Ligand SMILES: NC(=O)C1=CN([C@@H]2O[C@H](COP(=O)(O)OP(=O)(O)OC[C@H]3O[C@@H](n4cnc5c(N)ncnc54)[C@H](OP(=O)(O)O)[C@@H]3O)[C@@H](O)[C@H]2O)C=CC1
Ligand SMILES: Nc1nc(=O)c2c([nH]1)NC[C@@H]1CN(c3ccc(C(=O)N[C@@H](CCC(=O)O)C(=O)O)cc3)C=[N+]21
């Protein structure tokens, strides 16, 4: 059986259309949602992601501002810049593009962003609120994944979800959101033994590894839902995920492609979080 492909691009387009409306309504009330992105250094991949975010804001009527800082900028300088944005009432969302140069402590930066403007959902207060199920900014990639599953009426409650990867930005929070939806969740990582034996039990399999072909036919149960988060750039410049798509699509019931899968949904949820921030975290 060939899997149904879940197009993140199509869903993203549909949701962005609805968001335009929401932004217009806010504008009519004198509120102009604005995202400030800080980009440190000139990593080409980061630049390209930031451009994607800028373009998406523009399409939706959200104001955006990109602050570029030198590769050798100090941590103190960056923290000062964040404080300035924290205090600026015209700025609703703050995103510091990761990864950062090695002289800068990533966690220190995340902790400095006001949790009320933390549209990435990386601040410890938002992570804690996500765990307890209180209102929070949800991390964009995990939130996008849950939105994709729901758009296809894929039931999550009672399903065995296996997450391969345990980073703070993808693996851990996607497992938490699946748990919040009443899935039974298993995490795998680089120290996991017999990976295929565990992933083969998954009704919902999330691959967030960052390695080409980390997931192949042997890892997948017949009829599983396969979500490919990986973004790997091949030598010819093309993008591919963590899943061997051609093998997987023959076994899965649903599968997300790369590109045009989870990536566009990540950006869409960032827009959603920026609109939420403009309304005020506690009033949305
Ligand atoms: N589509 C999107 O919107 C986004 C895509 N990405 C992409 O998703 C991928 C993952 O990103 P991120 O979570 O930040 O990456 P990290 O490198 O932070 O995490 C990778 C995880 O995979 C685990 N891992 C590595 N090798 C193996 C293996 N052989 N078997 C099982 N687990 C393994 C690691 O284990 P351990 O913890 O033990 O080291 C780690 O937990 C990347 O390709 C990234 O580019 C990221 C963000 C957004
Ligand atoms: N503070 C912070 N927040 C992030 O959300 C964040 C980050 N740092 N650092 C890097 C990762 C990666 N990430 C992606 C977003 C969109 C696509 C995306 O739109 N991808 C398109 C392809 C884009 C292309 O062609 O280059 C697709 O998959 O179809 C990919 C990856 C967000 N991240």
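Just so you know, glycine gets a Cβ as well, placed from its N, Cα and C.
Here is what TrEMBL says about this protein:
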type	residues	note
BINDING	165, 166, 167, 231	NADP(+) binding site
DOMAIN	6-120	domain 'Tetrahydrofolate dehydrogenase/cyclohydrolase catalytic'
DOMAIN	139-279	domain 'Tetrahydrofolate dehydrogenase/cyclohydrolase NAD(P)-binding'
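Under DSSP, the residues of the domain 'Tetrahydrofolate dehydrogenase/cyclohydrolase catalytic' (6-120) split into helix, strand and coil as follows: 58 helix, 18 strand, 39 coil. A simple way to gauge crowding: the CB of residue 167 (NADP(+) binding site) has 15 other CB atoms within 10 angstroms, across all the protein chains here.
Residues 165, 166, 167, 231, recorded as contacting NADP(+), have a largest CA-CA distance of 16 Å. Among the binding-site residues 165, 166, 167, 231, the ones whose Cβ sits under 6 Å from an atom of ligand 2 are, in sequence order, 231. Other C-beta atoms found within 10 angstroms of the C-beta of residue 231 (NADP(+) binding site) number 18, with every protein chain shown included. Around residue 165 (NADP(+) binding site), the same-chain residues six or more apart in sequence whose CB sits under 8 Å from its CB are 171, 188, 189, 206, 207, 208, 209, 210, 229, listed in sequence order.
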